[in-house]
Amino acid sequence: MTADNSVPSRLRNILVIAAALVLTILVVLGSRQPSAAASLASLAEQATPYEVAIANDRPMLLEFYADWCTSCQAMAGRIAALKQDYSDRLDFVMLNIDNDKWLPEVLDYNVDGIPQFVYLNGQGQPQGISIGELPRSVLAANLDALVEAQPLPYTNARGNLSEFSADLQPSRSSQTDPRSHSGQVQDGVLD
């Protein structure tokens, strides 16, 4: 092999190795990006507990959400950014509608679509509601007004949402005595 042939060959090998390294780095970094559901879960984990937020004198953004809600998942990044900007001035609270513990709050705030955002002043009084997937600018304008104790510019704003209705009827099985096996047999159905 001559010296002229080895230089292009080495250059080609170096380029192949560099391309492989770049692809490897991109794959590793890409796999580390949290999914929207993971971001929603981490937001909920880091949120101020409802009991704490309702007892203090700070304004609050109360979000009703569900893990399965695609609009909630899409909003997770915007909420995380807003939390970074506003967490020194207000509390961010997240209540999962799939947790029966929050049924009284779901009913109190008339949650009929998610995500639903309730803006509460420092005294815990609702100042407005926004429902669905909303632009960050709408949420930010409402939060600015909330911390300044001004009227919210975008109350009753509605974006894409996931419909929700609370099942207010107790399940049929809970109406029977748990010691009775008759609650397991349906009329006209034999095994």
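Glycine is treated like the rest: Cβ placed from N, Cα and C.
According to Swiss-Prot, the protein has these features:
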type	residues	note
TRANSMEM	14-30	transmembrane segment
DOMAIN	27-148	domain 'Thioredoxin'
DISULFID	Cys69-Cys72	disulfide bond
COMPBIAS	165-185	compositional bias 'Polar residues'
REGION	165-191	region 'Disordered'
Summarise the domain 'Thioredoxin' (27-148) by DSSP state, stating how many residues are helix, strand and coil.
61 helix, 26 strand, 35 coil
Of all the disulfide-bonded residues given, Cys69, Cys72, which residue's CB has the most CB neighbours within 10 A?
Cys72
